[in-house]
Amino acid sequence: MAKKVDTNDVDVEVEELSYLAALVSKLPRAVRFALVISSSLVLSSVLLTVFSLQTAGHLAGISKHLEEWWEIAGLILWRATELGLAWVFGFDSLDVAELTLLTHAPIYFLLYSFYGVEPSAVLITFAIEIVSKTIPFFLFRGPNSVHALSSPRGAQVSNREILQDYPTIVFASGGAASIYTIIMYLSFNTWLPVHLVTYFDGISDISLVHAGPAAFPQVLTQLLVIGYAAYDFLFASSAGWSAKSDSKEKPEAEGEYLITSLCNRTWGKLSPKGKILASRSLVLATVTLLNTIIAGTGSIKGIELMGSVGWGSLWAVASLTVSSLFAWIEAVPGV
């Protein structure tokens with residue numbers, strides 16, 4: 001018999017419920033969030049310690065040594081902020097994995113492509129960043145409906161045929177990866193070389209930006225997984241909702257504040273899927289920029305503030321351009 005439980009802060013019906021899920025569902029939201037934060041920090045520390053032999057030697061030469069307590073507290077606070085945003089916006093574990101991949105890619109792309117850090121060290125450190133944030137959400141928050149299409153909840157998801165169509169997934173993911181690559185390639189041939197030399201003291205190799213057309217397939221290959229993450233985080237998670245506006249037409253009230261009127265005429269006119277796409281796009285671009293500034297300037301030697309701002313802005317603009325592509329696709333009648 002189906003049971004009704006709270007697996008993602010909403011009541012849903014499932015056929016079977018594990019003991020752990022039943023236990024977690026009884027915990028207050030505040031307690032679950034506190035457990036997400038604490039378990040993420042502990043898991044990150046444990047994994048970094050376990051794999052220190054594979055990573056520490058390769059990263060020691062470029063990593064800043066944090067001596068002040070407020071520097072360490074700042075990084076912990078930023079991590080808690082990232083997790084808090086994911087919690088408030090209702091992201092599940094797959095959303096968190098994709099958001100972490102997309103927002104931390106600028107730093108790890110920089111380490112691999114321009115600082116010559118050993119690929120294995122980059123991959124291990126990046127994987128630890130993703131896993132340490134994903135597992136707590138997997139344990140303390142269930143999947144969203146769009147990530148549970150085979151469950152009873154999945155029957156309520158819009159555009160199921162599109163979301164389960166593999167050619168659509170491949171083309172949409174490839175399109176997203178191509179946009180990231182094109183914007184990156186254009187920056188290679190315009191402002192980025194001077195920017196790297198000026199604001200990134202100690203950078204060891206900028207041959208990629210001078211590789212010409214040969215750089216395009218190389219960068220595209222590296223960003224294919226970024227393309228899929230952008231597809232699922234932005235398009236799949238928004239296209240699964242209704243295209244109809246969930247707000248009724250309201251006459252403009254006399255004496256209504258201008259900001260309220262503007263909100264009703266803009267945000268209030270969006271459909272549920274439009275609001276999800278817009279909010280996720282804003283979160284993605286903002287966190288990408290801020291994380292690149294904090295991680296770049298705060299953790300890597302020789303990176304000036306303007307350097308991390310420019311590098312982060314490049315990726316933030318790319319993510320917003322990808323969001324525009326998906327908004328254009330979702331505007332097609334029937335989607």
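Note that Cβ sites are derived from N, Cα and C of the backbone, with glycine treated the same way.
As the structure is a computational prediction, the values presented were derived from the model and not from experiment.
Look at TrEMBL and you will find 33-57 (among others) tagged as transmembrane segment.
Taken from TrEMBL, the feature transmembrane segment covers 109-131 (among others). Away from its own ends, the transmembrane segment (109-131) comes close to residues 43-44, 47-48, 51, 54-55, 57-59, 62, 97, 100-101, 196, 200, 202-206, 208, 222, 296, 300, 311 of its chain (Cβ-Cβ under 8 Å, at least six residues beyond either end).
The transmembrane segment feature in TrEMBL is assigned to 169-188 (among others).
Long-range contacts of the transmembrane segment (219-241) within the same chain, counting only residues at least 6 positions beyond its ends with a Cβ under 8 Å from a Cβ of the stretch, are 94-95, 97-99, 101-102, 105, 109, 113, 144-146, 157-160, 162-163, 169, 172-178, 180-181, 184-185, 208, 271-274, 276-277, 280-281, 284, 319, 322-323, 326, 329-330, 335. Feature annotation from TrEMBL assigns transmembrane segment to 219-241 (among others).
Annotated transmembrane segment per TrEMBL: 282-303 (among others), in sequence order.
Per TrEMBL, the feature transmembrane segment maps to 309-329 (among others).
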Top Cβ-contact partner of the transmembrane segment (309-329) among 33-57, 169-188, 282-303 (pairs under 8 Å): 282-303
